[in-house]
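TrEMBL has this to say about the protein:
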TRANSMEM  A:12-31  transmembrane segment
TRANSMEM  A:38-61  transmembrane segment
DOMAIN    A:72-122  domain 'NADH-Ubiquinone oxidoreductase (complex I) chain 5 N-terminal'
TRANSMEM  A:81-106  transmembrane segment
TRANSMEM  A:118-136  transmembrane segment
DOMAIN    A:139-453  domain 'NADH:quinone oxidoreductase/Mrp antiporter transmembrane'
TRANSMEM  A:142-164  transmembrane segment
TRANSMEM  A:176-197  transmembrane segment
TRANSMEM  A:313-333  transmembrane segment
TRANSMEM  A:340-362  transmembrane segment
TRANSMEM  A:368-386  transmembrane segment
TRANSMEM  A:458-486  transmembrane segment
TRANSMEM  A:507-532  transmembrane segment
TRANSMEM  A:552-573  transmembrane segment
Amino acid sequence: MDTFLHAIQSLNYTVAAVVLPLLAALVNFCLPVKSKAAGWISTIAILLSCVLSARVFATIWNNPQVHAQRIWFTIGQTQVYAGILLNNLSVLMLLLVSVIALPVHIYSTAYMKHDERYSRYFTYLSFFCFSMLALVVVDSLILFYAFWELVGFSSYLLIGFWFTKDKAVKANKKAFIMNRVGDIGLLSAIIILFAQFHTFDIDTIFGQNGLAHLMGIQDGKWTLIPNHLPDSVGSVWGRGTITALPALWQYVACAGIFLAVAAKSAQFPLHTWLPDAMEGPTSVSALIHAATMVAAGVFLLGRVYPMFIETELTILACIGCFTAFMAATIALTQNDLKRILAYSTISQLGFMILAMGVGAYASSLFHLATHAFFKCLLFLVAGIVIHQMQHIKDDNNLDIDPQDISHMGGLRKKLPLTFITAVIAALALIGLPLTSGYLSKDGILIQAFEWSDGRNAWFKIIPVMALITSWLTAFYVARLIFKVFFGEFRLLKDNPDIKPHLGDGGWPYTLPLILLAVCCLFPLFSFNPLAYEHAWLFEGLKTSARHAGEGVYHSLIPISVNVISLLLLFAAYRIYTRESRLPFPQKGFFYRLSYNQWYIDNLYKRAIVNPVLRLGSVCFWIDRNIIDGFLHLLTRISGSIAKLAAWTDEYIVDGFLHLLAAIVQSIGNFARKFQSGKVQYYLFSMLVIVLLLFILKILI
Amino acid sequence: MITLTDFLIVSAALFCIGLYMTVSKRNAIQILIGIELILNAAILNLVAFGKYDKVNNSGQIFALFAIVLAAATTAVALAIILNVYRRYKTIDPNDITKLRD
């Protein structure tokens with residue numbers, strides 16, 4: 001009875017937590033555009049959401065899942081349910097999203113203070129929070145898809161928030177279009193899943209005794225594998241029937257889901273929108289494009305994880321690994337502060353996908369949670385730095401890009417708190433001990449090595465690449481920190497006459513930084529700072545009891561990662577603070593490859609965008625010249641037919657009638673001439689006619 | 001000896017003169033005279049063909065009858081001309097074209 005009441009209470013709290021930001025968005029929508037109340041309405045809503053989420057989290061975590069649903073609509077015999085599914089994964093995400101959103105809201109009240117459309121900003125932000133919170137708790141694939149779209153849509157609104165900037169408009173279009181590619185994948189996957197399982201219920205398909213666990217590929221069919229059947233299968237049985245589809249559809253469904261994940265979580269073929277999305281306000285980048293929305297892809301993977309088969313997981317690992325490596329190499333040479341962080345986000349998301357691929361399910365989600373904190377923190381720091389640079393730029397009418405790190409330097413004395421929190425976040429991102437990043441990232445690396453052990457030697461490439469990527473991470477993060485906070489202020493060196501007034505800012509800036517910085521340290525996640533297995537979060541998400549053995553990797557990996565990372569940090573310190581010389585040739589092939597982001601954008605431009613544009617202009621030409629031309633031809637033909645008809649009508653039909661009339665008239669006129677009223681004339685005419693008659697009579 | 005043909009020639013001449021006058025004269029009185037001439041031509045014919053009549057002198061009688069009638073019609077016609085003159089201040093039939101359409 002007690003658990004039942006708890007369940008009801010949790011469900012109510014969850015609904016309230018999800019709906020509060022929506023209410024805030026609605027209220028803000030009705031407020032005047034410049035109203036300062038909007039910020040506080042949204043912040044209070046998200047604070048309440050946060051508290052409620054924490055209550056729900058405390059109730060559900062490591063307890064049996066709570067699942068409530070009711071019939072939403074019925075089509076024919078098919079009943080579609082809608083409801084809420086609370087298990088460890090969803091309550092973790094619920095808490096994570098609201099906890100990350102809270103400091104971002106507080107920060108935004110100060111950051112967006114002078115914006116023209118202050119209340120619109122908070123409308124969008126609250127709407128985003130609502131979509132994301134709803135996304136993580138819904139139990140139906142249809143609702144999931146709907147909120148998935150809403151998340152993409154609100155991201156679109158926020159990227160293009162400063163829509164007067166041409167770049168922002170381009171970026172939000174790009175993000176939206178690339179996300180549409182993923183949405184198509186998700187939609188087709190949902191359709192295939194419904195064809196196979198005849199239900200949209202996530203719990204029935206992917207839950208603990210879900211149908212997906214029992215399925216496999218056999219004889220070219222995607223069907224039930226008898227020896228997967230557990231004993232307690234009965235409860236699941238009644239709820240869905242299973243047909244055997246050809247195996248191809250399983251591959252298509254997984255490919256669709258992968259496409260969706262790649263689009264939302266910015267994985268290799270579809271990652272290019274994320275760096276451009278940095279055109280939005282920095283606080284938005286922190287919330288959406290670093291911490292929460294991009295995690296939706298990983299969350300989706302976590303939800304549908306049971307349906308992937310071995311080969312697909314390997315492909316996933318390869319792509320995650322490649323993305324992580326590629327993004328890290330790009331981040332090495334970028335000069336735009338937010339772009340570096342964006343590529344770092346892509347790289348870390350690659351790590352999460354890699355972890356999913358190698359079966360490190362719990363580590364992946366663990367990294368998702370830790371990454372959210374430190375990446376959000378890094379973005380907020382970047383926001384403060386950019387804000388200060390913007391002030392200098394505006395005060396002194398300088399022609400600089402406020403996001404370019406090559407102008408910065410020595411800011412640690414001017415922005416002490418920002419500096420300290422940035423260092424904590426950076427260390428967590430590198431994965432040094434005593435931070436949360438150490439726990440999650442080393443977990444992924446260790447499990448990747450263990451995974452490759454039992455396989456072909458080629459599979460070793462994946463963990464080795466991941467290892468190299470984590471060293472690259474150390475280097476680019478160090479470059480960022482040293483260039484921004486150490487050395488001397490390069491802008492001041494170039495323009496000696498300016499007097500910058502810099503500061504950390506008021507409590508709306510500092511409080512979120514401190515909050516997030518505390519969350520980046522190990523005690524929040526584990527009391528043992530060195531072993532990821534003891535993190536409560538990891539234990540709560542572990543799917544199997546398979547306990548990682550005390551393998552050789554457990555000591556080797558962290559040591560090698562940390563020692564080499566520290567060496568790289570030292571090297572970066574030497575290079576970037578002393579500025580003795582540039583470490584790498586600035587025009588080598590690899591430099592250009594990295595600086596131009598592997599030419600992927602150029603490739604897409606050439607291979608997809610230009611052909612599409614050309615196709616568009618061809619279609620336009622066809623439309624203009626052939627279809628319109630045909631219509632114009634028709635118009636002209638019917639016009640000339642009409643003209644011909646008009647001519648015929650006027651000259652032939654009317655002409656005939658006029659002729660008749662004219663004949664009649666002339667006859668009449670001719671006859672009228674006789675009616676002259678002169679009596680003698682009548683008489684004379686009569687005489688003539690009579691005479692004529694006589695003459696005729698005589699002649700005939 | 002005066003033959004029928006001579007009468008008829010005189011009659012035809014009278015008729016033609018009358019007809020010509022009727023058609024060509026510009027004075028209503030003269031037209032009236034023309035009409036009288038035509039009438040007299042007809043009467044002359046009546047008298048001339050009376051030779052062949054089985055009943056005695058019926059041709060002459062009919063001629064007398066016609067003369068009386070002619071006198072009556074002339075009186076009426078003169079009255080009309082008088083009225084026309086009063087109304088139009090002219091008796092030239094070419095000027096009186098009220099009957100025209």
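Residue numbering: from 1, along the chain as shown.
Every residue, even glycine, has its Cβ placed from backbone N, Cα and C.
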Exercise for review: Give me the stretch from A:142-164, A:176-197, A:340-362, A:368-386, A:458-486 with the greatest number of Cβ pairs under 8 Å to the transmembrane segment (A:313-333).
Suggested key: A:340-362
Revision key, fill the gap. In this predicted model, the domain 'NADH-Ubiquinone oxidoreductase (complex I) chain 5 N-terminal' (A:72-122) has a mean pLDDT of 87
Study note, to complete from the structure: Outside the transmembrane segment (A:38-61), at least 6 residues beyond either end, the same-chain residues with a Cβ under 8 Å of its Cβ set are 6, 9-10, 13-14, 16-18, 20-21, 23-25, 27-28, 31, 86-88, 91-92, 94-95, 97-99, 101-102, 105-106, 108-109, 112, 118-119, 121-123, 125-126, 129, 133, 540
Exercise for review: May I ask you to check whether the transmembrane segment (A:507-532) and the transmembrane segment (A:81-106) make contact, with contact taken as at least three Cβ pairs under 8 Å and only pairs 6 or more apart in sequence counted?
Suggested key: yes
Point to revise | Stretch contact, the transmembrane segment (A:176-197) with the transmembrane segment (A:340-362), Cβ-Cβ under 8 Å, 3+ pairs | key: no
Check your understanding: Relative to the transmembrane segment (A:12-31), which of A:118-136, A:368-386, A:458-486 accounts for the most Cβ pairs at distances under 8 Å?
Key -> A:118-136
Exercise for review: Determine which residues of the chain contact the transmembrane segment (A:458-486) at the Cβ level, with the cut-off under 8 Å and only residues 6 or more beyond its ends counted.
Suggested key: 314, 317-318, 321-322, 324-325, 328-329, 331-332, 337, 340-341, 344, 347, 350-351, 354, 358, 385, 405-406, 408-412, 415, 419, 422-423, 426, 429-431, 441, 444-445, 448-449, 451-452, 557, 560-561, 564-565, 568-569, 571-573, 575-577
Practice item. Residue list, the transmembrane segment (A:340-362) vs rest of chain: Cβ under 8 Å, 6 or more residues beyond ends. Key: 261, 265-268, 271, 274-275, 277-278, 285, 289-290, 294-295, 297-298, 301-302, 305, 313-328, 330-331, 334, 368, 371, 375, 378-379, 382, 405, 429, 441, 443-444, 447-448, 451-452, 462-463, 466, 469, 473, 476-477, 480, 537-543, 597
**Study point:** Contacting positions for the transmembrane segment (A:552-573) when only residues 6+ beyond its ends and CB under 8 Å are counted
**Key:** 430-433, 438, 441-442, 445-446, 449-450, 467, 470-471, 474-475, 478-479, 482, 486, 530, 583
